[in-house]
Amino acid sequence: RWFTHFYIVSVLWNGFLLIELFQAKFLGAALPPWMQQLHSAFGRDLQSQNTGNEHFSALLVLLLLWLHSFRRLAECLCTSVFSNGVIHVVQYCFGLGYYIVLGTTVLWQVPINVRHGKGSSMQICWYHVVGIVVYIWASLHQHRCLVILSNLRKSKSGKVVSLSHSIPFGDWFERVSCPHYFAELLIYLSMAITLGLDNVTWWLVVTYVLFNQALAAVLCHEFYQTKFTSYPKHRKAFIPFV
């Protein structure tokens with residue numbers, strides 16, 4: 001249940017970063033001094049030039065990240081039916097910090113000259129369109145799968161009647177045990193595409209998500225196989241057909 005806290009932090013923090021970056025790009029406002037100092041320490045050189053469409057790409061990714069966090073928060077509050085499971089305090093602290101670092105990482109990809117209101121042009125490229133399409137596609141399927149999971153614990157009237165586990169069917173559950181984890185990977189992959197496919201930093205984020213979600217999916221898959229003798233044998237753990 002405390003996963004909800006992660007998305008509250010993400011909505012607030014990444015929403016703040018999104019507003020700051022929007023003002024810097026379109027209104028010529030300067031970012032707070034502490035942000036500029038962080039950028040100088042961990043981001044690009046002060047003389048870095050705006051090559052390509054990086055500033056607009058970063059703005060789009062921050063928007064996608066905020067929308068993802070907002071949707072997940074709404075699902076945690078209104079859709080999901082959580083069991084009585086717990087998480088380790090280290091995992092909880094890491095989760096809170098993760099979404100703060102995530103949005104800040106996107107902000108660091110913006111050349112410093114754009115942050116001072118220069119280069120306010122906007123150019124929509126093919127990778128923006130492809131990235132957003134993949135993002136919407138993956139988000140829709142993730143939501144459907146989360147609804148399927150929550151309905152397993154509800155009656156037809158929508159009342160929660162059980163906290164036990166059941167075998168889910170429908171949508172991507174026909175192929176994998178944890179399609180919502182696979183959709184999460186696709187969402188982060190869509191952001192890598194939106195950044196132009198050549199952002200090494202974000203590909204490291206995608207790699208982390210891949211291993212993190214794959215581990216969770218394999219553990220969940222093994223749980224299903226152990227608990228239910230009739231569990232579909234053709235289902236994979238995480239990635240369809242793999």
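Using the three backbone atoms N, Cα and C, a Cβ is placed for every residue, glycine included.
Database features (TrEMBL):
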DOMAIN    125-242  domain '3-oxo-5-alpha-steroid 4-dehydrogenase C-terminal'
TRANSMEM  6-31  transmembrane segment
TRANSMEM  89-112  transmembrane segment
TRANSMEM  124-140  transmembrane segment
TRANSMEM  200-224  transmembrane segment
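With respect to Cβ pairs under 8 Å, the transmembrane segment (200-224) is most closely packed against 89-112, considering the stretches 6-31, 89-112, 124-140. Across the domain '3-oxo-5-alpha-steroid 4-dehydrogenase C-terminal' (125-242), the DSSP tally of helix, strand and coil residues reads 74 helix, 4 strand, 40 coil.
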